[in-house]
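Worksheet for the structure shown next.
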Amino acid sequence: MFVDRLIESVKAKKTPVVVGLDPRIEMIPDFIKEEAFRRKGNGVEGIAEAMYLFNKGIIDAVYDLIPAVKIQVAFYEAYGIEGFKAFFRTAEYAKSLGLIVIADVKRGDIQDVAKMYSKAYLQNPLFDAITVNPYMGEDSMVPYLEDVEKFGKGIFVLVKTSNRSSKDVQDIETKKGGYVYQEVAKMISRLSKVIVGKYGYSSIGAVVGATYPFEAKILREEMPRCYFLVPGYGAQGATAEDVVNCFDEEGYGAIINSSRGVIYAYRSDFWKEAYSEYEYGQAAREEVILMTGMINNALVKRKYIAS
């Protein structure tokens, strides 16, 4: 079962940190682009090669530290078929090193179409879990739920996202007295009862933004069986203290994603004096170690205060 594998990897690595592989060609080190363009030319094939080589360097640097990577498909789709090849190659390489692979695809459509999305990703052995948009209702999620159970995969359903304007829709008050995001949470919590692993968590998880710690506390109570995928740490402004409400009392229940903050750490003010572009992987590794320490310390502090 996906969620059991995830929890066991989190325990083994002693970190909830997930690295997002969102390569932007303009931010990839020049030496990688030069090599990729030498091999494949400076068109889309060369760009896709540069993205893959960059990702491979990040994975090599952090795979022993983290339980999973999250690959955002949009950064690859932008380059057509060649971009998709880089997307799948990245997933394959991460899997070869024992990492859990989350495809951040945010799919959502009517049930008949959702079957095809689910076939494309949840029935693909390269991917362990995907992100899903629930806006079209419960029946649109049925194909994903069926494949989660049949193939031992997972989904993370968008509930309260990290972007600033998420409140425009997700915080609309309902006739029942709560907010839209709470109604989605209730639906996900109900669905999560069907597929529960040996640690008490479900393979039906939720996306809950680190930039909304107050709402995260509410949602942790609303969805006690749901593992949270938490974006918004680092580049979007959330801190270790902001994410603690996503965790249960034992320090589990959430994985915290950082994309730009890790993969472009070598360009940050904090690390750029210590690491050159040739050492981008080492900078990423140090950022993961720092992030892990900060989150774990924040969790210890919360537990101490609570006691």
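Using N, Cα and C of the backbone, Cβ positions are placed for all residues, glycine too.
Here Swiss-Prot flags LYS106 as active site, proton donor, drawing on similarity to another entry. According to its DSSP assignment, LYS106 (active site, proton donor) is in a strand.
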Worksheet, complete the sentence: Cβ neighbour count (10 Å, all chains) around LYS106 (active site, proton donor) is 17
